[in-house]
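Copied over from TrEMBL, here are the features:
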- 80-87, 126-130, 180-183: GTP binding site (BINDING)
- 71-244: domain 'Tr-type G' (DOMAIN)
- 74-222: region 'G-domain' (REGION)
Amino acid sequence: MAKIRIYQLAKELGMHNDELLKLLDEMGVAYKSHASTLEDSTAETVKELIGEQRVAEAARRAEEARKAIPHRPPVVVIMGHVDHGKTSLLDYLRKSRIAEKEAGGITQHVGAFEVKTPGGTVVFIDTPGHEAFTTIRARGAKVADIAVIVIAASEGVMPQTKEAIAHAQAAGAKIIFAANKIDLPNADINKVYTDLMQLGIVPVAYGGDYEVIPISARTGQGIDSLLETILLTAELEDLRADPKAEAQGVILEARVDKQAGVLASLLVQQGTLHVGDYVVAGEHWGKLKAMSDSEGTRRSEAGPGSAVQVLGFSELPVAGDTFNWVPDQIAAKEITEERIAERKSLETRPNDGGRARNLADLMRGMQEAERKEINLVLRTDTQGSLEAIQNILERESTDEVKINLLLAAVGAPSESDVLLASTANGAILAFSVNPSGSVKKLAEQKGVPLQSFRIIYELIDEIRKMVKGQKEPVFREEILGSAEVRAVFKLSRGTIAGCMVTSGKIARNAEIRVMRKGKEIWRGGIAGLKRVKDDVREVAQGVECGILLDGFAEFQEGDVLEATQQVEVATD
Ligand SMILES: Nc1nc2c(ncn2[C@@H]2O[C@H](COP(=O)(O)OP(=O)(O)OP(=O)(O)O)[C@@H](O)[C@H]2O)c(=O)[nH]1
């Protein structure tokens, strides 16, 4: 390799000569002038050092930019077992906020409300329970930063407490426990601690990480302390949002009001919404005609952490969809029309959708994503079988593939289990319990694998095969069709092969083998498939088309492009 001169290396690295000379001095490298040559190894070391410095500089700048973004209030959801006091806690929080203003203030349900404390503001999602929470999560948006799980201190941990924990964990929310009903004579905070520890959750009082705050939603005792803990947790999470960014957030609720029309509640997560702005949410768009907050006050703008009710959608947006600011009606219409067209084309695509996913699919997805965890919800008929299967699953977990039980409980799989599995991209295994028709249907809709077993060893066998990869799918390559290159066009966006499909078909998602004189010279994907001027999904025999490949441009007339696809071969 030719030796490099200092000024050449400086140019290559985009540095001034002086800068590089200074660095060489620091490294103790001798030279006469900037025209001196450097040893290869010295040049390599310089490149590495500069590379490292630049990475560090970029990281420092990114951190600085992040720190320049203001903090935002935490968004909290309240969960817990039935009757443990979720609604009472929300009511207390809502009332305490009104009491601070004027008594008798009118509240409006906008899906979330703010509680202002001297230490900061907390946003509470107005609907208790994990269903609302996970429906939103299942649609891909993260709403709650923190889950407050209410446990009645008079009863301790109950089945839905466990479910709530599983849901919050799957959604990646921080968990704070509120030991409620502490005013009751039979309240026993120690039972709450020990119950939690049995689930592997160690409270701070026992040296662990989980805050358990004794409260009474009836008397208000401990609620200040709960709010403080929420704010402290939020501080550690360092939650930030840029009020100047393009507004974005989540649709919390939507309904049609006979007089007003479509009313949607939005939680702004980033940026600031203004009356008059256009937003798109899923397949719907709206021009915000009016906004009001949970106090019924008209707002002209709403920044990060605000929940507002808006008027202006022409059709009902879907709760849980994210919304985004768009500059104008043209953009709003184009984006929603594209989304509708995309959905329709997916619905009409043959052999796609409708097929229930199974565990093998899940494992394949996992392998593709190089994920090392398999998330499972386990449902059994008795406590005994539950423990037995849990123990075996624990043993089957390997270093490569960890089996993570999102929830293990007695009873038939529920719709909430499906949402949980869907959120965590997991599967449901049922042993000796039958899911109801509606649960099966929901699982199908959400693409959650749900399998029932009657014999323990069949269940274990299935898991074992998966973990050990014995069931790794075997694929065979199948030729879909071929096309001959008749002309080559060099355009600014790449080189297009003008082809005639000579047999079968060429599909946009197929893999292409470029054959020259009977030999394969390249293999890869298609970056563009056009028929005249239109992008198309496939082109049939006897039709001309333009093909742009993803990473190959050296076409010659007479090359043959073979379209192939991988077909799974049944091994059972
Ligand atoms: N003594 C006492 N009773 C409470 C407290 N919190 C709630 N309760 C009572 O417990 C019962 C259940 O409270 P809710 O707030 O409805 O419980 P929930 O968890 O929202 O119940 P669901 O919505 O049915 O799941 C009600 O009768 C409340 O009055 C408390 O701190 N102390």
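From the backbone N, Cα and C atoms, a Cβ is placed for every residue, glycine too.
Known features from TrEMBL, placed on the structure.
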{"residue": "G80", "record": "GTP binding site", "DSSP class": "strand"}
{"residue": "K86", "record": "GTP binding site", "DSSP class": "helix"}
{"residue": "T127", "record": "GTP binding site", "DSSP class": "coil"}
{"residue": "I182", "record": "GTP binding site", "DSSP class": "coil"}
Checklist outcome for this item: DSSP assigns the residues of the region 'G-domain' (74-222) as 49 helix, 37 strand, 63 coil
Item to check | Close-lying binding-site residues around ligand 1 among D83, K86, T127, I182, where CB distance stays under 6 Å | outcome: D83, K86
Checklist outcome for this item: Mean per-residue pLDDT in the region 'G-domain' (74-222) works out to 84
Next on the checklist: Counting across all protein chains present, how many other Cβ atoms fall within 10 Å of the Cβ of G80 (GTP binding site)?
Outcome noted: 28
